[in-house]
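Note sheet for the following structure.
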Amino acid sequence: MRSWVPENPPSNRDRLELYALHKQAAAGDCNTDKPVNKGVAEKAKWSAWRSKSGLSQAESMSRYIAECDRQVRVYGSKAGPSTTTVENTSDQPAPTTPSSRDNPNSPATSHSLLRGIDSVPLLASAASEPQANYMQRLAIMNTNQSWWSRQNPLCGPASPSSPTLSSKLENLLIGVGTFLEARALSNKPLGPLPPSAVHAFVFPLHVLLLTYWIILIYLLTLPTTLYLVVKTSLLGSNSTSCTLSQLIETSITPTSTVASSLMNDRKNCLPTRVIGLALTPLVIITDLTTSLYTNFGDFIASGMYVFGVIITWWYWVFVLPWVAGVMGWVGVIYGGCLSLIEVAGV
């Protein structure tokens, strides 16, 4: 991948994804403390690597190969050889030729449809930024440095020329975030509100949109996983290029692990912990699936997962969106209160 020169520059998130997967494949789970006196880039690398904890080195390499393949297809390649060097190459992935490039239906590529779950810890970390840091950052940034405008869809290998439904929904959310952040970064008064009051109002909306992104990832991942499990159970692994065991170990189990970490990690902000709590039914279903998988095998465990998700369909269709709606009203009211506090100078 060092010799790859993309036609369009990859996003920072995609660069971190490659770094984290290669680091996990080469060194295993992250066993170092979070860097305190390092820059933002080093902290982001540590968080990305930490988010892959629990993946085996073989599975990490498989996902790394699939991610290489996806990025080559999405961002394209410049024709001809290149001698371009990459800064800080000690932290870059080692050269690897994606073995699945000629087979888009390889197991790793199927799992890449669920790659959004791997990014949830990073979104939760971004949502937990203190208000003071957020407002200070907006005060010194300009519209060309917008964080939201640099984001890309996380669920599935979608091409800009042929976007999927999931990428369209994510792009809609990213568009709202970009609009709000651009308005805040203009540093212009909004009627009687000074720029600091606008920043204060946008802060909870920024957190809210990141939380919505996490919800959207789960609502997109759940039916995708269900579809793959049902299709593999009925038509065999050749139809999906992945076995039931692979789906349970690399797709179903991580969704539960990440959901539990959202609720249990006290470093996360309240909205993300509430979402972790709201995902408890999924954690219970997954724990039962894992238990049956250990004792009775993948087929019975997969049946339990399908049964559990189907009988709780009403929860994912009605209850979880209702929770998101309530959080939205609270976020808007909270933003208004913060804005009034800024105007009053308290």
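Cβ coordinates come from backbone N, Cα and C, glycine included.
Feature annotations, courtesy of TrEMBL:
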type	residues	note
COMPBIAS	80-112	compositional bias 'Polar residues'
DOMAIN	1-77	domain 'ACB'
REGION	77-112	region 'Disordered'
TRANSMEM	197-220	transmembrane segment
TRANSMEM	270-289	transmembrane segment
TRANSMEM	322-341	transmembrane segment
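Residues 131, 193, 197-198, 200-205, 207-208, 211-212, 215, 271, 274-275, 278 of the same chain sit 6 or more residues outside the transmembrane segment (322-341) yet have a Cβ under 8 Å from a Cβ within it. Over the domain 'ACB' (1-77), the average per-residue pLDDT in this prediction is 75. Listed as Cβ neighbours of the transmembrane segment (197-220) (distance under 8 Å, sequence separation of 6 or more from its ends, same chain) are residues 116-117, 119-120, 123-124, 126-127, 131, 134-135, 138-139, 148, 154-156, 166, 169-170, 173, 176-177, 180-181, 183-184, 189-190, 255, 259, 262, 269, 271-272, 275, 279, 282, 316, 320, 324, 327-328, 331-332, 334-336, 338-343.
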